[in-house]
Amino acid sequence: MAAFSAWFWNERFWLPHNVTWADLADTAPGVEYPKAGHLLTALPLALGIFAVRILFERFIASPSAQSLRIHPGVARRAQPNAVLEKVFTSITKNPNSRHLDGLSKQLDWEVRKVQRWFRHRRNQDKPSTHTKFCESMWRFTFYLCIFIYGLQFLWQSPWMWDTRRCWHGYPYQVMTPGLYYYYVTELAFYWSLVFSQFTDIKRKDFFIMFIHHLATVSLISFSYVNNMVRIGSLVMCIHDASDFLLEAAKLANYAKYQHLCDFLFIVFSVVFFITRLVIYPLWVLNSTMFESWAIVGPYPSWWLFNFLLLVLQVLHLIWSYLIARIAVKALLRGKVSPPWCVCVCVTALPTEKYCISLIRLWSLINNLSMRKQSYKK
């Protein structure tokens, strides 16, 4: 175990040349640098956030949903049937005509009755609009609060106005309380998402999102341990800028306020394009690749850090293209066929996961195109 620990925490990978872990030990009262042990605070905080979420959804989000006439509702449950349940869980949830004919003969049911059973069974696993509204309202509230906090904190931070300050004196940069709270709260929130996956309604992307959340936690921890938290805080703020707009658009969609939904989606798209395709490369990548090279110089974890940021930028380009292509197609052709949704999962390396989760772009954009057609008529 000691050998593995020594290998994993190799100073020549994590730190610049001629810097050791001993150099980063707290040498004076009030001087504290990031340490891996600090991240353990996020675990009990994550449980607290999870508990707050449960209370928030029950006593705030749920009454809000019902005031908008979004009621919990009870999905019609499929009739218990061991044969069909086995097919549903182990073979297919959408049987083809061959499966339907075979099951119809085996159970002495009409084909339509078998189809109806599978439809009811699939609907059992789908979260209701009320459930999705409560979840989005919780995320909207958290994202908005953390964005306001982060923006307020960074507004007073010198490295927001001069990104070279992210690297002056690196890695001997003192961890301030405000920056620590920002980082640990973000980390705890994504740990809480890991926990909540086991209590939420199981969805098709369960394992993908589970791995995604763990990767996010790892990347946040990575940037914290090697004290790249100043530039990391800028990355978090950039990505937080559109998170709450997306959740607001989803809330409007669930409440059937389509004009508001369309407007919020347009605002979200504009903010997404500006932050991902303009501010991020010109502000963050320029600092991490060129300013840090001139001030600190490269070392192994520096190369990994920049590689991950470049991968993120490639993903930004791909997802921006997809969003723009869907919007243009919908507006020019008048419809998007067949109906579909796009799940855009963006990992904001190295500090934060940005997940645009299962927003029904078709539903939102097709609404615009349908109105456009009606105006023409």
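Cβ atoms are placed via backbone N, Cα and C, with glycine included.
Remember, predicted model here, so these are calculated numbers, not experimental data.
Listed in TrEMBL:
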type     : residues : note
DNA_BIND : 86-129   : DNA-binding region
DOMAIN   : 84-128   : domain 'Homeobox'
DOMAIN   : 131-332  : domain 'TLC'
TRANSMEM : 36-56    : transmembrane segment
TRANSMEM : 140-160  : transmembrane segment
TRANSMEM : 180-199  : transmembrane segment
TRANSMEM : 263-283  : transmembrane segment
TRANSMEM : 303-324  : transmembrane segment
Does the transmembrane segment (180-199) reach the transmembrane segment (303-324) with at least 3 CB pairs under 8 A, where each pair is 6 or more residues apart? no
Can you tell me the mean pLDDT for the DNA-binding region (86-129)? 86
For the domain 'Homeobox' (84-128), give the DSSP counts of helix residues, strand residues and coil residues. 32 helix, 0 strand, 13 coil
